[in-house]
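Over in Swiss-Prot, the protein carries these features:
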BINDING   Glu56, Glu57, Asp107, Glu109, Asp144  Ca(2+) 1 binding site
BINDING   Glu56, Glu109, Asp141, Ile142, Asp144, Asp177  Ca(2+) 2 binding site
BINDING   Asn143, Asn145, Asp175, Asp177, His184, Asp229  Ca(2+) 3 binding site
DOMAIN    46-149  domain 'Cadherin 1'
DOMAIN    150-256  domain 'Cadherin 2'
DOMAIN    372-476  domain 'Cadherin 4'
DOMAIN    477-593  domain 'Cadherin 5'
CARBOHYD  Asn59  N-linked glycosylation site
CARBOHYD  Asn155  N-linked glycosylation site
CARBOHYD  Asn441  N-linked glycosylation site
CARBOHYD  Asn523  N-linked glycosylation site
CARBOHYD  Asn535  N-linked glycosylation site
REGION    621-660  region 'Required for interaction with PALS1'
SIGNAL    1-24  signal peptide
TOPO_DOM  46-599  topological domain 'Extracellular'
Amino acid sequence: MQRLTELATALGAFLGLLAVAAMAGPNFPQIDTPNMLPAHHRQKRDWIWNQMHIDEEKNESLPHYVGKIKSNVNRQNAKYVLQGEFAGKIFGVDANTGNVLAYERLDREKVSEYFLTALIVDKNTNKNLEQPSSFTVKVHDINDNWPVFSHQVFNASVPEMSAIGTSVIRVTAVDADDPTVAGHATVLYQIVKGNEYFSIDNSGLIFTKIKNLDREKQAEYKIVVETQDALGLRGESGTATVMIRLEDINDNFPVFTQSTYTFSVPEDIRVGKPLGFLTVVDPDEPQNRMTKYSIMQGEYRDTFTIETDPKRNEGIIKPTKSLDYEVIQQYTFYIEATDPTIRYEYLSSTSGKNKAMVTINVLDVDEPPVFQRHFYHFKLPENQKKPLIGTVVAKDPDKAQRSIGYSIRKTSDRGQFFRITKQGNIYNEKELDRETYAWYNLTVEANELDSRGNPVGKESIVQVYIEVLDENDNPPEFAQPYEPKVCENAAQGKLVVQISATDKDVVPVNPKFKFALKNEDSNFTLINNHDNTANITVKYGQFNREHAKFHYLPVLISDNGVPSLTGTSTLTVGVCKCNEQGEFTFCEEMAAQAGVSIQALVAIFLCILTITVITLLIILRRRIRKQAHAHSKSALEIHEQLVTYDEEGGGEMDTTSYDVSVLNSVRGGSTKPLRSTMDARPAVYTQVQKPPRLAPGLHGGPREMATMIDVKKEEADNDGGGPPYDTLHIYGYEGAESIAESLSSLSTNSSDSDIDYDFLNDWGPRFKMLAELYGSDPQEELII
C-alpha cells in the first residue's frame, strides 16, 4: 500500500510538470518535480500543470524537497522568487536552481493546500523577466488520524420488552483524514462491552439484540462502543460510552404485601368512613400503577366497597351500610387486585399473589335506643279529655337490654298539652281544639335507664306527629260583618242585604247552610236562595225613624253536620233618610260606620294640640338664640379667649386671666392697681405668680414683658390641668388702608409707647376695651 501511495505521488507530480510546460511556452518558467521526464511535445492544456504535491508528516530531515520551477530564460542575472502567504515561512525557493523546499512538517488536517506564486526577476533590478505564475502545493494525506466520537457519553432509552432489532440510538465518529483516499476516513464500529444485549452496524446505529429486556431486572445498560478506520487505525479517543435506559411498560401485576388482612372496627362506624387500608407492591413505575381492588366472593359486596387511592395506590375499605354487632360480629371475604391497563402480551406469568383474605371484626359499642319506627303519626278527635293518643316503643340494641325511659322535649310542647309515661304511652293533658292547632309535632326522647331508673348512656329521638280531627263543635255564622241600611220610605220587597255563612269546622265537600229569621213579626222577611246565601227584603214597607232608627234581626243559621248545629247572628239594620232617587242622605250610624268614636276624636285632637305646642316652643327657642348671637361678638373680635358681653360696660370683669395692668405697665413702666371686683371673682385660668415689678429706670418695659411671658409659659408647661396659652388666636385685621391699620397686639413693636391711642375713645362703646388697654394711665404720667 505504501508503494502504491508513492507511485501515485510521483505520477501526480509528473503530470503537473507536463501541464506547466505546455501552458508556459518557450519563455515561461517550468516546474520540475522529482523523477520528471523530458518533454519533447506540447501537452494538452487540460492537464493540471500548476500543482505540486508533498506528503504530510514526512519523517525525513528538514527541509523537504517539494518540486522545481524552471524557465527557458538563460540569463546569468536571473533568479527565482516565491510570493504568497506562506512564502518565506513554510516554503522557500533556491534562487539559482528553482528548487521549492518546505521548512516545516506539513499536516493536511490543518492545511490541505497552499497557494504560491513563482517569479523570475533580475538580480540587479528585481524586475520581472517573465510573467508571474501561480501554482498550488497539495499535501498528500497519510492515515495518521483515527476516528473520534462526537460525544464521550451518549444517552438513550428504549421501551422494555422491545422486539429484536428495535433502534436505540445512532452514534457518530469522524475521521479527520482525507475521505478521497481509500480507507483513510472510513469509520467502522463495534461494541466491546454489552454486545450480548445490543448490536451496532457500520452507520453507528445501535439496536436491540434480544427481546426480553426487563426493566424490573435491569433498568439501565452501559455499552462501550469502539471505532476504527478501514485500515484498522484506532486510538484512545475512539471509544464512547452509551447509557441505555429501559422505559417502563405496564407488564406486572400488583401483589399484596400480606396474604391475610384483619381489621377491627366499632359497630357505630359511619357509612363511607375508611375502616382499613390494603397495600400492594407493583414493580412498575408510578404512572403504570393503576390497581383496582374488588371483592371476589361472599355475600358482603353490598356491605363493603374498596376504593383506590390514586396517590399511594392503596385500597381503602369502606362500609356501605351500618354495621350491627348484635347481628354479625365478623365478616370474612376474599379480595383481588388487578390492573386494567396491564400489557398482557408482555406478561410472563401470574404469580397468584394478587389475591388475599380480609377479616373484619365488629366491636360492640354502647348504642342508643332504637325506635321501632322512624316517626309516629297519631290521630285524636278534638275536645277529648285525656285519652290514650298512641304509644312509642324503643329498645336497647345492645346485649344488656336495659329498660328504656321516655320524655317529651319541652321545646316541642311549650303549651304542655301532652305527657308520656314510662311505657311510652302519650296522653293529652288539655282538651285540644282543632280550630286553634290542627297539628302538634312532638320530639320524644328515649334514654337507657340503670337499675335505679336514672338515664345513662346515649339517647335517641323520634318525631311524633299528632293530627287533631275535627268535630262539628262550631255553629255557622255570618261570613262577614254586615251593616245594612234601608230608606224609611222603602217599598215592599225592597232588597236590604244578601247574607252568606261560614263554619270554622272542616267544611264538607257540599256544605248546606239553612237561614231563618228568629222573629217573623218584623217588617223584614228572609228568602233562602239555596246556594248558601239568603236575601233580606222589606216585608211591608214604610219605616218610622222617630219610632225606631235601628232594627235588630236575629238570623238562625244551621249546617248539615252530624249532629247539625245552629247559630244565631244578628243583623243591625239602620233606617236612613233618602231623597227621591232612593239615595241615603242621613244615617245616624255614619260616624260608627267611619270607625271613629268620640274618644278617638278627642285623642286625635290632643295629639294635634301637643304637636302644635312643641313646634311653637322650638321656633321660640331658635328665635331667642338668634337674638343672642346678634348681640355677641364675631369670631374676628376674639383675643386670647372668647368673651361675650351682654351689655356695653362691665365686660372686662370677665377677663380674669388677661391682666390688663401688665400691658399698661409695660407701656408706662408703672403698676396699675387691680379692681376690687376682679379680686372677688374666681379666676378662669390658673393664677400666675408674677415677678416683682421694676421701675422703668432700672429695667426696660419690654424686658419686663418678656419675663412675664417666660413665667406664664413655665407655669403653663407645669400645669397639666390648666388650658394652654399657646392656643390659636384670631385677630381682626381691618387692612392697611384703614385709619387704625392692624388692631392686633402682635403687630405692636416695642417702640410704640409714644403713640397716642386716645382716639380710640371716640370709636364708641365697642372699642372701650381697647381704649383702656392702650390709653394713657394717669399714674404713669405722675411717675414720669
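Cβ from N, Cα, C; glycine included.
When the recorded positions Asp107, Asn155, Asp177, Asn441, Asn535 are screened for a Cα within 10 A of the Cα of Asn143 (Ca(2+) 3 binding site), the ones that qualify are Asp177. Counting every protein chain shown, the number of other Cβ atoms lying within 10 Å of the Cβ of Asp144 (Ca(2+) 1 binding site) is 14. Using a 10 Å Cα-Cα cut-off from Asp141 (Ca(2+) 2 binding site), the recorded positions that qualify among Glu57, Asn155, Asn523 are Glu57. On its own chain, Glu109 (Ca(2+) 1 binding site) has Asn145, Ala176, Asp177 as residues at least 6 apart in sequence with a Cβ closer than 8 Å to its own Cβ. Each residue contributes its Cα atom, and for Asp175 (Ca(2+) 3 binding site) and Ile142 (Ca(2+) 2 binding site) these two points are 12 Å apart. Between the candidate recorded positions, Asn143, Asn155, Asn535, the densest Cβ environment within 10 Å is the one around Asn143.
Summary of the Ca(2+) 2 site environment: with the site residues Glu56, Glu109, Asp141, Ile142, Asp144, Asp177 set aside, the chain residues having Cβ atoms within 8 Å of the Cβ mean position are Glu57, Asp107, Arg108, Val139, Asn143, Asn145, Ala176, Asp178, His184. Recorded residues Glu57 (Ca(2+) 1 binding site) and Ile142 (Ca(2+) 2 binding site) have their alpha carbons 8 Å apart, per Cα-Cα distance.
The least crowded of the recorded positions Asn59, Asn145, Asn523, judged by other CB atoms within 10 A of its own CB, is Asn59.
Cα-Cα distance from His184 (Ca(2+) 3 binding site) to Ile142 (Ca(2+) 2 binding site): 8 Å (rounded to the nearest whole number). For the recorded site, Glu56 (Ca(2+) 1 binding site), the DSSP three-state label reads coil.
Here the candidates are the recorded positions Asn155, Asp229, Asn523, Asn535, and by Cα distance the one nearest Asp144 (Ca(2+) 1 binding site) turns out to be Asp229.
In terms of DSSP secondary structure, the domain 'Cadherin 5' (477-593) contains 4 helix, 53 strand, 60 coil. Other Cβ atoms within 10 Å of the Cβ of Asp141 (Ca(2+) 2 binding site) number 22 in total over all chains. Sequence-distant contacts (6 or more apart, same chain, Cβ under 8 Å) of Asn441 (N-linked glycosylation site) comprise Ser412, Gln463, Val464, Tyr465, Ile466. Mean model confidence for the region 'Required for interaction with PALS1' (621-660) is a pLDDT of 56.
His184 (Ca(2+) 3 binding site) carries neither a helix nor a strand DSSP state and counts as coil.
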